[in-house]
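Contents: one structure, followed by commentary.
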Amino acid sequence: MPKHTSSGAPKKARWTTEKKSAAAKKPHRGQGGPKTSRPAPAGTSHVGGREWRAPREDRRDDRPSFDRRDDRGERRSFERRDDRGDRGFQRRDDRGDRGFQRRDDRGDRGFQRRDDRPSFERRDDRGERRSFERRDDRGDRGFQRRDDRPSFERRDDRGERRSFERRDDRGDRGFQRRDDRPSFERRDDRGERRSFERRDDRGDRGFQRRDDRPSFDRRDDRGERRSFERRDDRGDRGFQRRDDRPSFDRRSDRGTDRFVDRAPVSFEDAEVERMDADNWTKATRADISDGPVEVAADNGFAALGLPERLVERLAREGITTPFPIQSATIPDALAGRDVLGRGQTGSGKTLAFGLPLITRLLQAELPRRPRKPHALILTPTRELAMQISDALEPLVHVTGLRHKLVAGGLSYTTQINALNKGVDILIATPGRLNDLLERGAVEMDDIAITVLDEADHMAEMGFMAEITTSLDKIPSDGQRLLFSATLDRGIDTLVEKYLTDPVTHSTNDATASVEGMDHHVLLIDPQHKKVITAEVANREGRTVVFCRTKLGADRIALQLREQGVMAAALHGGLNQGQRNRVLGAFRDGTLPVLVATDVAARGIHVDDVSVVLQVDPPADHKDYLHRSGRTARAGDKGTVVTLALPHQRKTMERQLKDAGLDIAPVRATPGDATLAATGATTPSGVAIAEDDFQRLIAGPKAQRRGPAGSRGPRQGSRGGFRPHHGGRDSRSDSRGDDRRGRRGDRAEGLVSRWGDDDRSGDRPARRGARF
DNA sequence: AAAAAAT
């Protein structure tokens, strides 16, 4: 029915394609139009006036695992108990609260929920309530899973057994889960410890908390000091665990055996690695103890109607003049309108949606409620989610709001705990978000603002089903912001389904982003690819090499190292710890060449990438623009080199045209002048020692024990990776009081350095670029 | 093909 909910645009090409493929995979389910009717009035401020959605049924059914845990209380520490009692009450309140409204609401949501459960009623209800998409989605997912999985080789192996049961009785999952996840318990332990530590910290932070103590909790969520304390605690925790539940330890150890090919063999190693990964947002805490900052009378952000606190915080970093995309979208977004924003790569889209989002939440003064965030920012990759989280952190911080990063590869515990405590802004990747939704750890009832970053990418096949799963749970009267450097028709389905009377802001043409760049398309012979790649990559400054596959990335990185160019691969086949370390090292400057799949194609900001080298041509012109956009950020210069084999020439020419570039491919051979013109030089040819490389990207366990194979001679705690103390380079920190000093010390790991260098005020050239 | 959840 509601096919014409929103403005015009009746094209359904994408939809059809998607439908087709879904139907092909899952023949038993019919097709249906997009559901979600959006009765919502357009363009009004929803946030303030919005009623709280009646949550739903008792959680008990939905989240057996939690209840179970509660029941099991024995092991719980004291803190835990307090915690529990606390939570118990809250929950009950919640429930009671809902009592009345729930009924109204039930038709709406209560049932949906039930669908997730294995119960019978569900079937009855489902037919109607359930959107078709949802079903397709589900079937789809089942299939996709299988197809998709191969790439996650490891998981495949691991999941083998499970996949059986899983698939057949997905609804049953609740039960299996119980058996399956001993590790949660362990994590519970971790959680406990944290609350312990928290206490110690409390005194520490008394000051900042006065307002409504966002900092305390937020920090807690982020585990900021964890890396710090962890060290002291480590042994401790080990013991506790052993005493408490040896059986679980054993089990999980067994579990990690499946990671045969990887360094961490023990559970502890894996866990430490996880924690490390989860740890890296932490270093970016803003320091609010700094004195007030002059906000110039002509501050452009103030003029846009943003609150003083935000304006001041931005000014503190030298950000006083909004970029075009920001000037264009912020007023409309502040007014509560749905926005489609297209701004060139590196043009500050994060702030364009981040600032109005924060502002509106601030104005709305929504009560913070467990598991019910008020805003959601969805991104296609974990790294991007982290980057956004870090970029917004200081702004969220000064407004007393809380945000939380919810993404795969990071600990569930911190995420769930944070959600339970109440979070305003959720920054998420689709998979983990859906996971947490299924677990009942997060609910969308109170989401008032939704942002889709890289929206066109999210609208592509592989993502669509997953994001609609989440988006369908969001009240339809909220505000929605879709952003990307390339917004094409692919997003029509999304726009139609989820946006109401959107305003489109397109600053420049999508191709304007390429202006600061030199583009070279080199026609080469296959046998020269390896050498030419090395020559182009061997230069001053940072280089990002893009290739099509994960194996390709690994191989090319290896080949580069063999030729004397220090390079490391970044792709989704690595665990999060590895991903973080590699990207951290690249941001850091310790790794000059990053060889990445398209995981790094969008949104990732690294300063001073001088060259983007595309060893494999991009899939389409949009990818060309996004990949290229890793260089020449925020007005900087950059070079883009694309290698094309003879048979790829035509494709490349078309892409260049579509991208609006007037570039002709030129022939190139190793050592040739064309190459030199791009800054290429001949590498030493002396292979980089594997040890040196490993040290560069080694995880914390390698620090303690050495690499998996040669774990004999100890390499001191200063293996280059984690200069825990000292080793602080001179970068950054235009403002440094003792507090920052402390933070710097403990945040020195490569991993936890995200926005750090970006954030320093002494790099005017790139000011604001990280946003 | 990649990405996004894997206890």
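Just so you know, glycine gets a Cβ as well, placed from its N, Cα and C.
For the ranges A:299-327, A:328-356, A:357-385, A:473-501, the feature annotated in TrEMBL as motif 'Q motif' maps to A:299-327. Taken together, the residues of the domain 'Helicase ATP-binding' (A:330-505) have an average pLDDT of 95. Residues in the motif 'Q motif' (A:299-327) partition by DSSP class (helix H, G, I; strand E, B; coil) as 16 helix, 0 strand, 13 coil.
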